[in-house]
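Colleague: The following block contains the structure, expressed as structure tokens.
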Ligand SMILES: Cc1ncc(C[n+]2csc(CCOP(=O)(O)OP(=O)(O)O)c2C)c(N)n1
Ligand SMILES: CC(=O)[C@@H](O)[C@H](O)COP(=O)(O)O
Ligand SMILES: [Mg+2]
């Protein structure tokens, strides 16, 4: 049991602001205790929250929230913010069905200034708010809180570029913990590390002093040389060049320093950039030791840190990761690319076995695609492992740089369909709709693990842009066949022969379709390919059944079923078609299987929908 006597008295930031500064260290300790206990029951993004306890306290203490707006980047580090803004009790339902979301949501609280989940939007949104306050003659303040990982995205720099030419009192707080989900990467990360290293600056300064003492005639030159050196290494240079007043780095766990600095910044005009250094996982030993593991953790025992076991079945992510290593062994041209999702996309083993062929490009989905396009131009065979939801960021790059040039870039699209606890920001509900309309694309949707492996090979061997999309979690747990045999492109397979009704199923919905078909005595086709569709199979099914039912874990609008309807119309076959898939609404977070059932996409829901539709058929 946690004891949090001070925290228990606080339900609003106004109450927090009534405390004496001396009370805050105790509150920080209680918050950490509460966080660990609470997340151990619900699962969630623990390490980032432990690292931002003091920063969150200080921001709410100094700024007048909710009048002043705090815009959190990604939003996975907002549990303390939620606790302090009236949602302490609701934390028991964090990310659970009917409970509060794992990210800020405007509909959830007036303190959630901006809805997030995807990274690197905070500076743009806060700049928009600051400009709105200016337009409206309001003295409200806007603060963006962005991590060093999120800072690697182009969008963050687009916003800095815009903000730095204004006089707006925008505050950007860089929460630098030297970690993304895995260790942060890239030149910017190296630069931030240099800013944090006092030693580096001190050494450069000593070198400058030496030059200064040599001889008077070169004194001025040396001074300029020193300034130049300082220009390269002095903390803040890059952000100052962008037009910000740079402050820091400061210790993000020292409340006195945080409060003083924020109070001072509040008096300043123009764009301000505060560099805060924190430790991811701070205060909970297992998370400090392994911040990557506790970035997003399932339920765990707080005493030991040991997380609850999965069902032991290999996930599609693992199937992909193993396939990638096998394919890399078979074809030396293969390289693997991830936009900052090494663990989530199943690339850990590949990164260890093929470090020279592994590229973590940072949170840079757009760059990942065009980088892959460049590689493909020169005969290297890139596989971009990417979550469906994050691929949305790189849509133009996919169309303009990859597909238009018909380049053999392969997308391994994970988290396709509903993802559960992360909710609508992370659901992969749209990829079939937005991929299907792009010329030259090959799109495959495996129905089980072995088919996944074979479709991955098929896509990799295809001489053009290709995508294989598979869901979060595991399939039925079929024994995996080790080969690297492709499947015939554009050929589906009839899995069950029935009468009257044909279930035309894609990917993850083949299994519930097969279950529903038993009760309905329906035929079931596993289409395997969304593009090109198996037209012969469709024609055959349409001519021999009274009703075709398309099934997909994707938005019905524009999805695979829409492709089937278009194909049938072109064939001139007037068979009735029922489309089952994700509805035209954002689906709330919860348990993935229950969410799917809520959309009528489990076996019972499918059976029910089909029976209802059959009654409407002409005799
Ligand atoms: C566009 C986009 N790509 C990838 C992700 C997945 N993601 C969530 S948090 C995160 C790391 C963020 O690192 P940082 O901003 O430094 O925050 P920290 O976890 O270190 O607190 C990543 C890659 C995302 N949410 N959005
Ligand atoms: C905040 C974020 O974007 C990631 O941490 C995401 O929650 C990971 O999702 P998975 O758990 O599906 O890898
Ligand atoms: Mg970080």
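Any Cβ shown, glycine's included, is placed from N, Cα and C.
Caution: TrEMBL annotation is automatic and unverified by curators.
Pasting the feature list from TrEMBL:
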type	residues	note
BINDING	76, 117, 118, 119, 149, 150, 177, 284, 365	thiamine diphosphate binding site
BINDING	148, 177	Mg(2+) binding site
DOMAIN	314-478	domain 'Transketolase-like pyrimidine-binding'
Colleague: Are there any residues at least 6 positions away along the chain from residue 177 (thiamine diphosphate binding site) with a Cβ closer than 8 Å to its Cβ? List them or say none.
Modeller: 48, 51, 147, 148, 277, 278, 279, 280, 291
Colleague: Sort out for me which one of 148, 365 has the most neighbouring CB atoms within 10 A, since those are the binding-site residues we care about.
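Modeller: Counting every other Cβ within 10 Å of each candidate, the maximum falls on 365.
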Colleague: Where does residue 365 (thiamine diphosphate binding site) sit in the DSSP three-state scheme?
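Modeller: DSSP assigns residue 365 (thiamine diphosphate binding site) to helix.
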Colleague: 76, 149, 177, 365: which of these binding-site residues put a Cβ within less than 6 Å of any ligand 2 atom?
Modeller: 76
Colleague: Limited to the domain 'Transketolase-like pyrimidine-binding' (314-478), I'd like the whole-number average of pLDDT.
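Modeller: The answer is 98, the mean pLDDT of the model over that range.
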Colleague: Of 76, 118, 365, which binding-site residues come close to ligand 3, meaning Cβ under 6 Å from one of its atoms?
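Modeller: Not one meets the Cβ criterion.
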Colleague: Helix, strand or coil: which one is residue 149 (thiamine diphosphate binding site) in, per DSSP?
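Modeller: Going by the DSSP assignment, residue 149 (thiamine diphosphate binding site) belongs to neither helix nor strand, so it counts as coil.
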Colleague: Give the maximum pairwise CA distance in Å, whole number, for the residues 76, 117, 118, 119, 149, 150, 177, 284, 365 listed as binding thiamine diphosphate.
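Modeller: Per the listed residues, the maximum Cα distance equals 32 Å.
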Colleague: Which has the fewest other CB atoms in a 10 Å radius around its CB: 76, 118, the listed binding-site residues?
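Modeller: Each of the binding-site residues 76, 118 was scored by Cβ atoms within 10 Å; lowest is 118.
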Colleague: Could you tally the C-beta atoms, other than its own, that fall within 10 angstroms of the C-beta of residue 149 (thiamine diphosphate binding site)?
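Modeller: The answer is 30.
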